[in-house]
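Q: Pasting the feature list from TrEMBL:
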BINDING   37-44, 105-109, 159-162  GTP binding site
DOMAIN    28-298  domain 'Tr-type G'
REGION    1-22  region 'Disordered'
Amino acid sequence: MTDAVTPELPPDQASSDVDETRLSREISRRRTFAIISHPDAGKTTLTEKLLLYGGAIHLAGSVKARRATRHATSDWMKLEQERGISVTSSVLQFEFMGYQLNLLDTPGHEDFSEDTYRTLVAADSAIMLLDNRRGVEERTRQLFDVCKMRRTPIFTLVNKCDRHGEDPLKLIQDVEADLGIDCYAATWPVFENDVFVGVYDRLKREVHLFERSGDRGATRADDTIVSIDDPQLIEAMGESAFDRLMTDIELLDAAGHTYEHDRVIDGSLTPVFFGSALTNFGIEPFLREFLELAPPPGPRESNLGPVAPERSDFTGFVFKIQANMDPKHRDRVAFLRIVSGHFEAGMQVVHQRTGKPMRLASPQQFMARDRVAIEDAWPGDVIGVMDRGNLRIGDTLGGDGKLEFQGIPRFAPEHFARATPADPMKRKQFDIGLRQLTEEGAAQVFFAETSAGSQPIVGAVGQLQFDVMAFRLEYEYSAPCKFEKMNHRWPRWLTGKPADVERVATGLGRMKVYDHKGHVVVLFQDQWALRRALQHETSVQFHETAP
Ligand code: G4P
């Protein structure tokens, strides 16, 4: 099992005889995406429905049911249960209409932004899910900004149309004004006496009229599809619904943006869909359009230029590491996004950071927490490989000539706390736990020199990360931990002549610490101290993240 380093074997040999037609077919049918939303917009419900339509589950409701079972059986999930939050990202893979979908699930809580942001790097497109009463909310906005920075194509789904919400036109105007993205209404809600009964697909010029299933959306919603030009439509819809739709269409055609695929792909125009994840109305038309319009895996930037997915040799990068997914087995899984070539179980690739060959055995794909062993995978796929501590977030695997994929964001921690083992006898477990969890990206660790030796300091982007660390140290490493919050925050990495770095780092209102690689980082006790240093200390360079 695992990625044992076996230097005697030549690297990258398994990928040379890839069938090019098969490779391009597999690429073109893949869609790797994430859902961005504010808590409560309906992400869990939508995920469930996508799986229902993909045939991955037979009765919607089982995702939640399974989640409840896991709560009861797994220590690791206790935190999720206690806090009512989701702290892990998982990857769901399923098929629909001949497409292979990789849905990267992102944790919902805002304190987990680091992990969420990194997950977005592995996605080729995003579904922005909005509540029809609330429109764009805080968390949606934050995640949208990350997508915008990366020019990720965004498909908007306005959810909960089964209950009365904001006027659809007003919602679209708000999205445009708030996020600075143009909208194209790709579907439009059809109301009969203010009840949501269907959607009009503007691209296909078809009206979908849904039938209530009577089982609260546990099965697919049956629909009747009528062309907008069909004289029978008035009868099928009813006169008042028809009149209202015609007025809306006229308005949209006259005042709205036109569909331009290039602009969707470069992230400046978002197709907007309407539906109800609860009743399934509008979900299938959305899914079909999304699959047709969303881009397949594309090239990825590297230090050697863009790497195209069609390149025959396997390459990929690690965007997430998760330790102890199964507490019984003390394992560590590195999640790898495949960028190019054909991946085969047991193949050997170069681990670019160390330059050593690495055998990727026992690759797995994930259906929530269920794992399935796989034999092969293609660009766009996300696979989990067992890791013994060799891999880090951002590592490039495969390729030659010191290939390094770029663009995995790093974040400066905003909160710091001294970490000490609650039980001094558990020092060893504590050190191991702290190291593994920080390598995994759960938080960042720094060290301060004290008269009693080296003192670990944990830096986090959000406060909740401390609770998660404390919980995991106790349950996974049997090393309960005490965190003592510090006033010093505002970290800056310093570079310059060693004597200058030392002088600046130890000045008044500052604290000198080291990051895990031994770089000097200075923490400031307030923003005023930081500003003063930036203005006056010109002999050194200040960096917001590790240089
Ligand atoms: P999240 O993962 O984004 O946080 O949202 P989730 O799917 O858990 O949905 C949040 C709430 O919104 C749930 O209600 C869910 O049933 C409801 N919801 C989701 N989609 C729709 C929809 O299309 N229409 C309507 N009317 N409601 C929807 P809850 O009362 O919090 O939970 P539950 O008891 O219904 O499970």
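Placement of Cβ uses the backbone N, Cα and C atoms for every residue, glycine included.
Remember, TrEMBL labels are computer predictions, not curated facts.
Keep in mind the model is a prediction, meaning the values are calculated, not measured.
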Q: Which number gives the other C-beta atoms within 10 angstroms of the C-beta of T106 (GTP binding site), all protein chains shown included?
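A: Around the Cβ of T106 (GTP binding site), 25 other Cβ atoms lie within 10 Å.
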Q: To which of the binding-site residues K43, C161 does the lowest count of other Cβ atoms within 10 Å belong?
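A: Comparing Cβ neighbour counts within 10 Å for the binding-site residues K43, C161 gives K43.
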Q: Can you tell me how many other Cβ atoms are located within 10 Å of the Cβ belonging to D40 (GTP binding site)?
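A: Its Cβ shell of radius 10 Å holds 13 other Cβ atoms.
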Q: Pop the mean pLDDT for the domain 'Tr-type G' (28-298) in here, whole number is fine.
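A: On average, pLDDT over the domain 'Tr-type G' (28-298) sits at 84.
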Q: Does any of D40, K43, T106, C161 have a Cβ within less than 6 Å of an atom of ligand 1? These are the binding-site residues; tell me which, or none.
A: D40, K43
Q: Provide the three-state secondary structure of K43 (GTP binding site) computed with DSSP.
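A: Note: K43 (GTP binding site) is helical by DSSP.
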